[in-house]
């Protein structure tokens, strides 16, 4: 995990512009480099490094003797770099996994490069010999990327929008800063002036398609076409375990977020099992956050005792959570209600990990709810087919919601996130299964995923079959939800008259509640006029929901009611 930043065709002094690069310094606390491009005095790269692999030769932009005309700035992890080396006979100059991008590009161009990478990534690749700039981002946007391109060809690229919004340019204070779409690459021509012109934006991978890099995966081809339940369950276990195993690639200590829900518990259990198998000689640290005796803390405690992790509990107090709201919104760059609620706990537990422990590479359970139909409203899906479509929609929008939350809250504290549920191979297999197999059954969401691990003894039965809790609710008590606590505080902060006039002040995505208005005010303070970064609020489907919390839905049953 790191922060990348680049400018092409800047009219302003680069020493002034590079102050914007410092806005993302939190993403890479270990080192910083600012480098001009030879022959293009108005083009430069900025890089903030979190050293996770090759601590000696891992600085960027990456340049190797074999390709002196290529410059690479990337944020991510490429899990199959050794398999690609073996398959194509690449000769690496460093131990950095991202170096494979240079070799793949030289061998087969940008299309093959993006398609063959098994991992999470956002990169800027400059080819001065052919005068091209390439941008690319992984399928689910696990690694963030923003860009701004003016009419006269000035290009700015950054891991977070905050590194672009204050750039200066002769024609204006920069044009529209926007997120770069996941699963796409863009080709731009580099002119002698250092300015660029976009040539094409190409979608190189969809979540349903089996990725091209399957040919060089550590797991051989699985029995396909058979939807016999035992075969399906076995394949799910094999692919999920493989997804966790490949993500063990790290020279820094590994830890795991553990809410006590199904997803993070499965990740922690499989992770610990695999760490033992490869003789990692330190205990796995797991981290839970919640108010005293909250459902998440109690469940996480059970899981940690079962798997034998070194467990840490962070007690959340109401005041601390409320005080964190503004810095959380600044980090997130969004005003989405449920994203902010859920981010407060994750932001504070990440802060604890950074200050109190030496864990840096943090595993988490993001992506499972979208993939395996874990949200409670899936019980109301009109048909299995519509549920399958909704699952795909949620996966495509992860970069706006859960993946955005997970990246920003951890990156704010210099941690690197690993999300095995969003493994390309695992997700494409799960989505290939018949729609009927993937829906909730017997009143239980994620039924197939739970069933697949039922005989594994990885988790206590009551955790494996624990009903869904939204992270923002599970951290509070059953009697009073976290969203209710937030609303009670905000009620005193926002006047009724302000809410009545909200649609006039904020015509795009107008706030409908005081909570929503409060978040929007803070967002506009830091990112005025950038409301289009959030196309719509996250909200349940098929139910007349006025609030995104699972606890407002009729299907929700708290532990005290069971």
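Glycine is treated like the rest: Cβ placed from N, Cα and C.
As annotated by TrEMBL, active site, for GATase activity applies to 2. Listed in sequence order, the residues of the same chain lying 6 or more apart from residue 2 (active site, for GATase activity) and placing their CB within less than 8 Å of its CB are 27, 28, 47, 48, 49, 50, 60, 75, 159.
Summarising the annotation, TrEMBL assigns L-glutamine binding site to 97.
Look at TrEMBL and you will find 257, 289, 364, 365 tagged as ATP binding site. Non-local neighbourhood of residue 257 (ATP binding site): 264, 286, 287, 288, 346, 349, 362, 363, 364, 365, each in the same chain, at least six residues away, with C-beta under 8 Å from its C-beta.
Annotation source TrEMBL lists domain 'Glutamine amidotransferase type-2' at 2-191.
The number of other Cβ atoms within 10 Å of the Cβ belonging to residue 366 (site 'Important for beta-aspartyl-AMP intermediate formation'), over all protein chains shown, comes to 28. As annotated by TrEMBL, site 'Important for beta-aspartyl-AMP intermediate formation' applies to 366.
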Residue pair residue 366 (site 'Important for beta-aspartyl-AMP intermediate formation'), residue 289 (ATP binding site) - Cα distance, angstrom, rounded: 16
